[in-house]
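Visitor: So TrEMBL says this about it:
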type	residues	note
COMPBIAS	A:17-27	compositional bias 'Low complexity'
COMPBIAS	A:567-585	compositional bias 'Basic and acidic residues'
DOMAIN	A:46-272	domain 'Cytochrome b/b6 N-terminal region profile'
REGION	A:17-38	region 'Disordered'
REGION	A:563-609	region 'Disordered'
TRANSMEM	A:79-99	transmembrane segment
TRANSMEM	A:147-167	transmembrane segment
TRANSMEM	A:173-195	transmembrane segment
TRANSMEM	A:207-229	transmembrane segment
TRANSMEM	A:241-265	transmembrane segment
TRANSMEM	A:294-314	transmembrane segment
TRANSMEM	A:365-390	transmembrane segment
TRANSMEM	A:411-433	transmembrane segment
TRANSMEM	A:445-462	transmembrane segment
Amino acid sequence: MSTNHVPQGAGHLRAETATAGAATATAPQPGWSPDQGSKDATFPKALVGVDERLGAAKMMRWGLGKVFPDHWSFLLGEIAMYSMIIALITGTFLTLWFVPSMGHVVYDGSYVPLKGVAMSEAYASTLDISFEVKGGLLIRQLHHWSALFFIVGIAVHAARVFFTGAFRKPREINWVIGVVMSLLACIEGFAGYSLPDDLLSGTGIRAMNGFMMSAPVIGTWMTFFVFGGEFPGESIITRLYIAHVLLIPAILVGLFVAHLILIVLPKHTQYPGPGRTNDNVAGFPVMPVYAAKAGGFFFVVFGITALVSALVQINPVWVFGPYDPTQVTAGSQPDFYMWFSDGALRLLPGWLEFELWGTTWSFNIFLGSLLLLPLVWLILGVYPFVEAWITGDKREHHLLQRPRNAPVRTAVGMAAISMYLVLALACINDILAIKLHLSINDLTILFRVLFFVLPVVVFFVVKRLCLSLQRHDRETVLHGWETGRVVRTEEGRFFEVHAPLDEYTRWSLVEYETPRPLGQLDGAPTDEHGVRRPAGPLTGLRNALSSFYYKDSITAVTPSELAAAHHHGEHEALETPEEAARIDQHGAPVSEAPGDDYYTKGLKAGRHS
Amino acid sequence: MSTHHDNLPATAEPAEDRFTNPGFPPHTPRRSDVDERAARRASVQVVTLFTISALASIAFLVAYYAIDPELKGSIIGIGEVNLFHVVLGLTMGLSLLGIGLGAVHWAKTLMPDEESVEERHTMASAQEDRDAVGRQLSHGWRSTHLNRRSALLGSAGGALGLFALPLVVPVLAGLGPRPRGELYTTNWEAGKRLMIDPSGAPIRAADVTQGSVFHVMPDGFVGAAAHELDPQDMMTSKAKDQVILVKLDPAKIKSQKQRDWGYDGIVAYSKVCTHVGCPVALYEQQTHHLLCPCHQSTFDMTDDCKVIFGPAKRPLPQLPITVDDEGYIVAVDGFREPIGPSFWERKRPGILMEDEG
């Protein structure tokens, strides 16, 4: 039976004991049984009218029975989803009081330190929400925190999808939708925290003005059109507002619905495990377990957001004061999701600005702002297609991978994250310099170096870690668990007893498959007549990348290897007990681990030569 | 591996030498499945959580009306807080968490915990469907004469391509005035006094002591006079006219131009960073360095404000100054180059102002 085509259904896949039990059950259904419906149950009369008009029964039958696999990492996307809903709810609340205007007023509210200060209506109304509207501050903090959780949720969810290979066919389109959503979420967040028109957010808008001006050719025009003229003008808050409350949320919600539909249609991915195949999905049906868990989790996320909003102050705009273009505070940082871009601006050296035919090209700014954002998201968006091309894999994948079983992808992902983190930390270089008593100049130079060096180091370390974990898995399969029980033989030798794995545990460690480099597929590519096909210009690149990805792969243990390992052990035991004890004690020496036979003997060309 | 199909990537091990899926492991019942007391205990826990939620919701409403919104208190580890806000948040959090944790606990202890299995179906349509769609599209193409009368396609395409322009162009064109000379000019002009911000007092050169630093705005845009201005003009002026004035030891000034444009060691520079436009607000008196807090561009005050560190490229523009008949510091002229961040046409104002000659 090929592993990818285990026939559907639980019954015959289930281990013997369970099937036997289920078949003979005539007594009342046990509590864990998935179907405890009454035999006499009928379709609710109240819904008959709805069904006649909408076919509700068909939809409910399809929807209520849908199965969703259960794993903690699947909750990460739900955090993002629920946080978005919380932000929508609380944001609607805020629109009832917020005045998106840069018109000037003199503050006369209950916050004494700002009494009589001239400010914009946007800032004054934000103060009113914080001080005059009862509970307004709570809603404001809920809104800001949920927005942050939304973006954190997106980030960790995207990392989960990336490192488990969930983006592979047929889910590439949904990955792209998610990538677009994450970019929109960041822009939405930036637009949102710019609205109060306090000193901090005004400084952010001032910087945005500078970014836009740096765009070659169109920068000046674009800036004047977005700001309605010279900085600061009186339009930008109003325009950011309509983008923040209508345009971007509408697109986000639309994409979010599409994202959900594209999760449900091909059914959710699942982690590999005994019984789980590429053709089935095992989990809990919507009615009742998944509905209770997912619905309950919404309240958990909302509840935690409320607790955080109650106890942890965020964006106290009254402390910053109204925006004044002549003022700035030390330690001005954007919200964390914009750190990497602002950090890039701190690291890019001034010599990247140059003049060409009398025109000014500010790549020291353009590169870190207007170019960096689309570039990062473009790379994210095309990754699934690039990896599929490198792998030469056109199959559908519904079983997730453990990150260690895709060592190069995991290492590439971690290297990219390390680059991102360097940029993000560079954005708080002034704070770090103060807290760590370092020179800000040294720190900036260090980050410049780290940006290039750290990803390389991280790549090699993570790749080696993955390979080591894979070898460890192999070792576990071949020699069993270490029991911690040390036995002394009659001759006085000591060895540790290893317990064999049960077949369910073993399956999780051996089910994965390992692609090998494309260049080693069949030798020279030939057409159906055996004539050698000329290699395209990209073939070399593809083969090189494929080799980079898969040349060091470590394959899963096969049954014959396991048999050989057992046989090997017994054989040795007959001839030299010391050898057997040594193997029992330390596991097989690395050079003799069957996985390495592939490479040392070149039998199955697991390694690029 | 001669059997490998185009659709399948080669893997390092042949398909036949693989372990087979052992199938689902037998189900282990939970405690609450086999022990009625455990089930009852779980049920009580769930009910308790829901009850806490209900009580917290009521407590929220009571607090909303009963507590003074101005009430302050202090919490260990947090410090002084608005108690009204904290109580509202805590009760709301409990009300939500009670429901959430209750539902999850209920699902985990009392609802079925044996997984169901569904079969997956490929997303791809059957070949029959694809063929049918192919015929439908072909029918659409031919039955509308598109295959024979190319003018139809061309004109329809042209019309569709253009119809959005009347909607889009007025919106885009109406967004803002096009840039002209604004980026090249400030409110500084010959004879304009440098006034201290925010008081609006003029600065007598003789009164400026060694090492003093002033934040300066042009006469008429600061102090009482500023209240007469249109607020937008005032904000624009603040954004581009801000100047930092420092009195240095003339011997320390390294640039002759800087000395010439200053007066007796007093020099004035635009305070708008040449990187992205933040105010260059941090002046270190010992080193004479000016630091922009936004991205840490550092300018050397003694060397014509050249960039000595950070992402900015150009020095801060200097405002040429002198003193008038009464001994007050005035501008000799406006800035002689655009202040603030770089932009594409910076060195070629003609590109933006060609029609103004």
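Here the Cβ of each residue, glycine as well, is placed from N, Cα and C on the backbone.
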Visitor: I'm a bit unsure how to read this: which one of A:79-99, A:147-167, A:241-265 has the highest number of Cβ pairs shorter than 8 Å with the transmembrane segment (A:173-195)?
Guide: A:241-265
Visitor: Between A:147-167, A:207-229, A:241-265, A:294-314, A:445-462, who has the most Cβ pairs under 8 Å to the transmembrane segment (A:365-390)?
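Guide: That would be A:207-229.
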Visitor: Cβ pairs under 8 Å with the transmembrane segment (A:411-433): which stretch of A:79-99, A:147-167, A:207-229, A:241-265, A:445-462 has the most?
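Guide: Between the stretches A:79-99, A:147-167, A:207-229, A:241-265, A:445-462, A:445-462 has the largest tally.
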Visitor: Might you confirm whether the transmembrane segment (A:79-99) is in contact with the transmembrane segment (A:147-167), defined here as three or more C-beta pairs under 8 A between residues 6 or more apart in sequence?
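Guide: Yes, these stretches are in contact.
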Visitor: Is the transmembrane segment (A:445-462) close to the transmembrane segment (A:241-265), in the sense of at least 3 CB pairs under 8 angstroms with a sequence gap of 6 or more?
Guide: no
Visitor: Which of A:79-99, A:207-229, A:445-462 shares the most C-beta pairs under 8 angstroms with the transmembrane segment (A:294-314)?
Guide: A:79-99
